[in-house]
Amino acid sequence: MLSKIVGSVIGTKNDRELKRMRQIVAKVNAQEAAISALTDAQLRDKTAEFKSRFDEGASLDSLLPEAFAVCREASKRVLGMRHYDVQIIGGITLHEGKIAEMRTGEGKTLMATLAIYLNAISGKGVHVVTVNDYLAARDAELNRPLFDFLGLTVGVIYSQQPPYEKVAAYQSDITYGTNNEYGFDYLRDNMVFSLAEKKQRPLNYCIIDEIDSILIDEARTPLIISGQADDSSATYALINNIIPRLTRSTDEEANKENEDGDFWIDEKNRQIEISEKGYEKIESFLIEVGELGENESLYSPIRLPLLAHVQAAIRAHHIFIKNVHYIVDNGEVIIVDENTGRTMPGRRWSDGLHQAVEAKEGVEIQAENQTLATTTFQNYFRLYDKLSGMTGTADTEAAEFKSTYDIDVVVIPTHKPIARIDLEDQIFLTKLGKYKGIIREIKEIQAKGAPVLVGTATIEASEELSYLLDQEGIKHNVLNAKQHEREAEIIAQAGSPKAVTIATNMAGRGTDIILGGNWQAHISDPDNVSPEEMQRLKAAWQKKHDEVLAAGGLHIIGSERHESRRIDNQLRGRAGRQGDPGQSRFFLSLEDDLMRIFAGDRVVNMMRAMGLKEDEAIEHKMVSRSIENAQGKVESRDFDARKNLLKYDDIANEQRKVIYSQRDDLLAEADLKQAIEAMHRDVYDALISQFVPPGSIDDQWNIDGLEDELESEFKYYMPINDWLDSDRRLDEEGLREKIVQTAIARYRERRELMTPENAAQLERHFMLQSLDRHWKEHLTQMDQLRKGIHLRGYAQKDPQQEYKRESFELFQMMLGAIKSDTVQDLSRVHIPTREELEAMEAERLAQAERQQMMFEHDEVDSLTGERHSDPDVEARNLAAEQQATATKAPAAANGNNPYANMNISRNAPCPCGSGLRYKQCHGKI
């Protein structure tokens, strides 16, 4: 209350920002007369002039008024659209690295061209991020004529894109693509073996469309590149047979004390817990089928993976619901995004959940994957020098944007006042009663001649409503994940008079519903339409448009409240675009998940005490407040979860930055001799300490063991006993130094047998191979540590501090292992000729190309890892199969083995980088 009073007196922060920006808008408008007098050639030459001024030291801020005026004039000439003043405010917001909240239909795509143009002048590249490939391609093609006119290049990145095309797209002044593709390209760039293979330039400036969807809804979404791990499909099928034998607790709260069931479910967090009785029953079954020994327990460390299978199976059967969280199509389990209602083909939950659902549905169980590289959207997008975004709904999450990304939200005023009427919610006792109320409302809206869009949270709800409308004889269209092929056609006509469209949350974010329908959709051949036909279609559309306006515009019906107010606002925002009339209302029931789980008993008891009939509704502020409080609780819980995840991921992110920085240094460094010699000192020193402890006397030394270990590890015998016999003064420190110097001298001798270029190439190859192999294993260890770290809380320890400490220890061990493997490989390997090195590199590139093709192909069938309790948060995962799959037919099989003369141990990793042992790859007989 106090903040409202103060705001009314001195104005809000948003008001002050708008006031400041309007002064800049005035400067842009002051340039309009002079800029509009320029010829096309003179207008085009302005870009080169701006670039020259920038190179000479002018800031982008100083260029803004004139550059925006140039972009607006070019848009007017090329696209036939002139930026409104509010769109210029939006452009300023984006340029300043803020989020522009702009209502649906206000022209976000056109607004963004201003900030894109200005920031492209720097020559460092601008990345425009969209939520799917269609929108990236659409926006690029819409704006390409404008940017071509202004002398800027435009590129689009997409999955399965040939490498040379992707490089060209990233070298363009402006690059369009999806958040997934940018993130995966970043990870792929940090898996290459030469700088020439990298695709991305340094990350400069980024504009994210629908930024709330990407940085809030998908913030907990890890981007994962993975390869196939061991197949355990038989175990999933076996565990699936246990679940029908288990009994769910009838009283979830009492169960923890009385154990009246085998497991209970935490619906709020979508997790399960198994009772002691349940553990005993599961163990008995596993012993019965031979999966568990007589004296073994599920609690034993070696059996924890089996326990994870059981937990995943229970979640699959009792938490994840068909046609709500996933659908089954052509024998495949496909995830449904609960935020958008879209299916996500190829994405898979991780931690065995997807395989458990496949076992439950009786379809083919696909193999699990192993993580090769990973990051999160939170950490990836924070790598940009400047980050901005736009959406229709961001203000409710302004605090999170500020605390996590240090970005402010500016609410951009609409060009015309909003004419949409948002009616009070109607609450019913039962879901069926709610559906009856919705159908009654649809009939009333149709009688007026207005179109209606019914938003549902799940596919199941959309199909239930569709069935009831069929029973009433009401013609309608259904837009959900099962009909996504018809999305464009359905959305195009959703604004026609009396049209009824049922849609899940996927209902075309990024696509406007035009009142009267889209007349252009009726043109079958755009290249051959006559002017008369076009005029006829426009006239017919105008008649329908006027009819819908007279009927009150598009009417929105929400079939239930989403857990997030932002998603509800997105649905409301489908109506009332650009000052059009419209109406919205939500219909709720006590059986809705949000009401059932979060609404207080007081609300439920009050409604039941009123004696309402099934299809009677109430509108009450207390109920509305209760719903808003419930949504606030969920949003707060989700914010805390994202914030908590970020704390953990920040620890992993620091390690990731160190590894990727080392990789870049390796790729860029021409001479690695000093680095390799330093590695020799570290590795030999550590090994010596195992047999000659620091500060020890000679009676404590194990010289025979040291000689054997050095010969075994490095294929080089050092006569240490002879040294000691011939020099009685050789103490522990002197002996240590003599061994290290001997090892370095041998390295130098072997290196002299090669040219400096050949030596650097071989050293770089082994160092990168070792680094990548151990980083992959480290990611798996970090993942396992993260899953169990919460248990430290029971020992009165801070899980986050424990994770930080242990992950650092693991990281130190990994760095030591990288050095050790590199020194071992270089000590053992046969000195290759130039021809052998060229053959080795050619084979690596050929394999990389094979892997890239499989990698890109599998991106369509990508793997989504469900890493959190909330099922609408899935981890992005490309099932790259980079390791075993790409080398199923190694070159050795046809006699082409570039490593044949290199004296490589058959159990050593293959030098080609496949991840297989040499005997299983190029050393295959």
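Every residue gets a Cβ built from N, Cα and C, even glycine.
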Binding-site annotation, Swiss-Prot, ATP: partner of Gly105, Glu106, Gly107, Lys108, Thr109, Asp512 in Gln87, Gln520: Gln87
Other CB atoms within 10 A, centred on Gly105 (ATP binding site): 21
Longest CA-CA distance among Gln87, Gly105, Glu106, Gly107, Lys108, Thr109, Asp512, per record bound to ATP, angstrom: 17
Cβ neighbours within the same chain of Gln87 (ATP binding site) - under 8 Å, at least six residues apart: Glu106, Gly107, Leu110, Met111, Leu114, His415
Three-class DSSP secondary structure - Gln87 (ATP binding site): helix
Nonlocal residues around Asp512 (ATP binding site), in sequence order (Cβ under 8 Å, 6 or more apart): Thr104, Gly105, Arg577
Sorted by sequence, non-Gln87, Gly105, Glu106, Gly107, Lys108, Thr109, Asp512 residues with Cβ within 8 Å of centre, ATP: Met102, Thr104, Leu110, Met111
Cβ contacts of Thr109 (ATP binding site) (under 8 Å, same chain, 6 or more positions away): Asp139, Leu142, Asn143, Asp209
Sparsest-packed of the listed binding-site residues (Glu106, Gly107, Lys108) - C-beta count within 10 angstroms: Gly107
Thr109 (ATP binding site): secondary structure state under DSSP, collapsed to three categories: helix
